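Engineer: Straight from Swiss-Prot, here's the annotation block:
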{"type": "REGION", "residues": "10-18", "note": "region 'Peroxisomal targeting signal PTS2'"}
{"type": "BINDING", "residues": "49, 50, 51, 52, 53, 54, 55, 75, 135, 158, 159, 160, 269", "note": "NAD(+) binding site"}
{"type": "BINDING", "residues": "122, 128, 160, 194", "note": "substrate binding site"}
{"type": "ACT_SITE", "residues": "218", "note": "active site, proton acceptor"}
């Protein structure tokens, strides 16, 4: 019967990710021993909110990333189902699922990169600030877990409103004594993706050939595309500038309204989050000249946080770039963005300090 025992052990080992909470603590087939053979060495990544609208697609995309060796999927509901589904993909990353607050610490321990899309989505008529009351508490709890279990991890924060949740995360980490401003990155990549796409449509180019810096924040007028700095260099009429700026700023609303109550920009956001996460992993690997836009602690303006291009490296955002020359339209837009951002940042700070 030794053969049957070996077979049962193999079955338990490969299925441990489906119900990790049921693994015996003294088992020789614990989670740390569950590794696919032949996988390339890589980074350990956790997605918090993996069963949500963004999280499911993001889990799929991160499972496909060759730089990921271990992928932890956490949520308060439905995490086992998403984990089982994604784990059947024949890519190198080993997947583990974690369900509920009691398993948050296990999900986070030892992670190199933590991606947080957790929270409620936007619905028709809602602004990102309408999400604040619920999502602020979620981000606080999750970041407390990060501070305790993987204080050196790079954090990619997606949960809206990013203009407030990034300051919330910073205050949580400061309280815990683990704050490293280079490692807290608000994900604004979707604004850049939209800008590249919409500008490419106007210019008749492939979006992959276009690069539009988008600075400021991640909501409404705080989203400021710098069309004067588009690559390849291009000129636009005043009407085109107005059209492009408004469409980029309201891209999220465009999707929410088009889905008519059935969701928000989950697919494009997952794509953008995966793209930014890949950039962070390439930075961690030591690749040179990895540059993306992100909402980070900044001295570019008088505000504590601001989205600009950053150079990503082994320690996170290793360099924050200046804005560069702005035209009159952009200078006016910058002042509007800063006025709005100041209140959003303060709102996040006060949520923790109150």
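Using the three backbone atoms N, Cα and C, a Cβ is placed for every residue, glycine included.
As the structure is a computational prediction, the values presented were derived from the model and not from experiment.
Help me picture these features in the structure, burial and contacts included.
Structural biologist: In this model, the region 'Peroxisomal targeting signal PTS2' (10-18) carries an average pLDDT of 57.
Residues near residue 269 (NAD(+) binding site) in space but far in sequence (CB under 8 A, at least 6 apart, same chain), listed by position: 54, 117, 158, 190.
Mapped onto three states, the DSSP output places residue 160 (substrate binding site) in coil.
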Engineer: Would you say which of the recorded positions 194, 218 has the most Cβ atoms within 10 Å of its own Cβ?
Structural biologist: 218
Engineer: Can you name the recorded positions among 49, 53, 218 whose CA is within 10 A of the CA of residue 160 (substrate binding site)?
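Structural biologist: Those near residue 160 (substrate binding site) - Cα within 10 Å - are 218, in sequence order.
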Engineer: Taking 53, 55, 160 as the binding-site residues to compare, which has the smallest set of other Cβ atoms within 10 Å?
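Structural biologist: So among 53, 55, 160, the binding-site residues given, the one with the fewest Cβ atoms within 10 Å is 53.
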